[in-house]
Each structure stands twice: as C-alpha cells, then as structure tokens.
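J.: Pasting in a structure now, in structure tokens, and then I'll have a few things to ask.
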Ligand SMILES: *Cc1c(COP(=O)(O)O)cnc(C)c1O
C-alpha cells in the first residue's frame, strides 16, 4: 500500500480508516468505535458532528461559500468583535491555519518596529522545544533541527534560548530584538507549561525593553486549559496572539489577534490571504464560540479535567513502570512514558483509545472539550488496560 499511494510520504499514518465521528467517538469503515482523545491534535474542540456547528456550516453553505477579501465579510466582523470583546485584543486577522496565524504575528511584530523607525529590530526570541508550524519562517522560529534539515538556510531573525530560563532570555535581548514568542503550554514539545511566574517575567521584560510579547495559543487556546486562553492563568496579556486548531472545531481556521498598538504597522496592502476569513470558516468559528462561551462550559472543562488528571495520577502511582509523569493544564494533558511512547500509544490504540505522540517521550491526551466525566473514566480504564498489556509483554520478554 505504501508504494501504491500517490500521496507524499511525509506522514507516518496509523492504519486506521475512519468514516464518521460522533461526539468523542470515531467510527471506522468496519464499524469499530474508538475513543478520540487525539481530537485531530486538539482541533475538534466541541466533538465530532456537534449539531449547532454542523447546522451553522450547512446554513452558510446554502448562502455563499467564498468571497475573498475584496469585499466586506460580515461573519468576520462578528467573530472579530466577539474575540476582541473577550480578550486583550483590538484587531484580528483571519487565516486558514496555525502557521499562517504565526506568520501574521511575526510580520506584525517586525512591521511594528519598522513603522516606528526601527527596521533593524526584526529578531524574535523563541524557546527550545517550541513548535510554531511548518512554513519556512515558522520552522526557523521553532528551531528544531529535524524540521529545518534540508530546506536551505534557516530564515534569519530567530534567536533560541533554553526552555524556562529567564536569564537566558535577558542575555539574548539586543538592539535588534523585536519580540519574544512562546507557547504558554508547549504542545508538540511534550505538554510543557511555562510557569506563570516565567510568563509574568517575560511580560515585564517586554515592557522594559519595548518588545512585543507574542503568544502561540494555537494548541493551548480556545478553552483547552480550562480558561478561554492559557495566558489568563498568569494574569498577563500579550501584544499579539496566534490562534487556530480548536477555534475552527475541524474547519481550517486561524486568527492573529493584536492590540491596536501592535497592529500599528499593518496598513492596507501589507498582508493578505485569499481564503482567510471565508464565510464558511466564519460561520463555523462563530458557532464554535457560541458553544465554548456558553454558560458553564469552561467550568465543565475544569471539572472534567480534574477527574481525568486525578485518574491519571492514580495510574502513575500504580504503573510507575509504564508512566513516569503526568503533566499539563486542563484538558491538555501529557503522559511522559517510561517505555517508548509509541509502544504505549500502540497499546492504547489496541484498547481503542486515540492519543497523540509528542516530544520528550510524551503522549498527549487532548479530548474534545465536551468530554464528560464518564467518558474521561472510560479513557482512564483503557489506559489502565494498555498499561496491563505492556506489563504482560514485558513479563513474557523477561521469561523468554
Ligand atoms: C499545530 C500548531 C501550529 C501549526 O498549526 P498548523 O495549523 O499546522 O499550521 C503552530 N503552533 C502550535 C503551538 C501548534 O500546536
């Protein structure tokens, strides 16, 4: 099959073919149900086939699909107004993906200093273990060799420092620094939350040096950590923020949010996107927000997260040979495995539970935010059975 496919061979796909989704479940072509705690990498925030979101997409599909940004798009005005009402931001630019939201944030930060008469300030400080996307600029921002190799010289202007090291950040600031870019909770890097004190210290440093603070909330935003955005836990606000994944609930949608000041340089003609903010995406984005901003929704995320987290902690105590550490925030949780994470992931898959591998030998558990406590317990039972499977295999290997 690998030889026969006309697709690029860029993905290591699991041999699973899903035909439909229902809430937290995915159903294969042959009718087998899998508990989906991967959620398309934190994307299906309100579960599969949420009736309100499906209805919004269908209604819009009957009206108009696409306009481009040659005209006013009312859905953009509505969604942007709602996003600015509930965040630090005054301005929004819509994109189709996370990487594009980051590209917009990076361009906005550089253009800000340019417009203020400092074109030399274009360097952005990022952190080790970061992931910001797969475009030429965002692989440079992420700084991971495995994503940079073979794609020509690394795009200039990204200075990387060790994770959670404020002294290293201070030392990296020069007259050419424009901004600091971080994920409040590293996702692909292995579910590593930046301590709230560190986020506050970064905010202070930016204020002190006239830098812009850019947060990448592509994965940790839109309710994932139990707050609408993860930085709210630290009580600080950024100047720019990239959002995607959960905001579209499965429809390709991203956004770059900015304060009025940070967006200062972005005049007509400086940036654009053919599809960005397309009416279908806006209909879905608004419908997802209806759900996530609904009464008690985030309280529910926090309550369910607590049940899940406590269950995982108990599993760690009972299976220290399989689980080394449990970490994360809200429903953005990671199991650092004692065995290779791929092995545990495979055992979970045998139990019909889906998760996502990450760096640092971690498995990400990112259920839809609509997951119930009962479904979380179902997931815990499957992880326990997976741990038992691994123990049984290890025991056989030891006696062989
Ligand atoms: C997924 C992700 C991106 C890239 O998003 P794409 O939609 O794949 O371009 C950027 N930053 C973070 C933190 C992500 O998790």
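Cβ coordinates come from backbone N, Cα and C, glycine included.
Take a look at what TrEMBL says about it:
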- 98, 99, 131, 216, 217, 218, 219, 274: pyridoxal 5'-phosphate binding site (BINDING)
- 134, 273: N(2)-acetyl-L-ornithine binding site (BINDING)
- 245: N6-(pyridoxal phosphate)lysine (MOD_RES)
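Describe each of these features in terms of where it is and what it packs against.
T.: Its own atom aside, the Cβ of residue 99 (pyridoxal 5'-phosphate binding site) has 24 Cβ atoms within 10 angstroms in the protein chains shown.
Counting only same-chain residues at least 6 apart in sequence, those with a Cβ under 8 Å from the Cβ of residue 273 (N(2)-acetyl-L-ornithine binding site) are 69, 94, 95, 96, 100.
Look at residue 245 (N6-(pyridoxal phosphate)lysine): DSSP puts it in a helix.
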J.: At its widest, how many Å does the recorded pyridoxal 5'-phosphate site span between Cα atoms of 98, 99, 131, 216, 217, 218, 219, 274?
T.: 25
J.: Can you list which of the binding-site residues 217, 273, 274 have their Cβ under 6 Å from some atom of ligand 1?
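T.: If the test is a Cβ under 6 Å from any atom of ligand 1, the answer is none.
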J.: Reported as an integer number of Å, what is the Cα distance between residue 98 (pyridoxal 5'-phosphate binding site) and residue 245 (N6-(pyridoxal phosphate)lysine)?
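T.: Distance between the two Cα atoms comes out at 7 Å.
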J.: Could you tell me which of these recorded positions, 134, 245, has the greatest number of Cβ atoms within 10 Å of its own Cβ?
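T.: Buried the deepest by this measure is 245.
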J.: Looking at the binding-site residues 219, 274, which one has the fewest other Cβ atoms within 10 Å of its own Cβ?
T.: 274
J.: Please determine which of the binding-site residues listed here (216, 217) has the lowest count of neighbouring CB atoms within 10 Å.
T.: 217
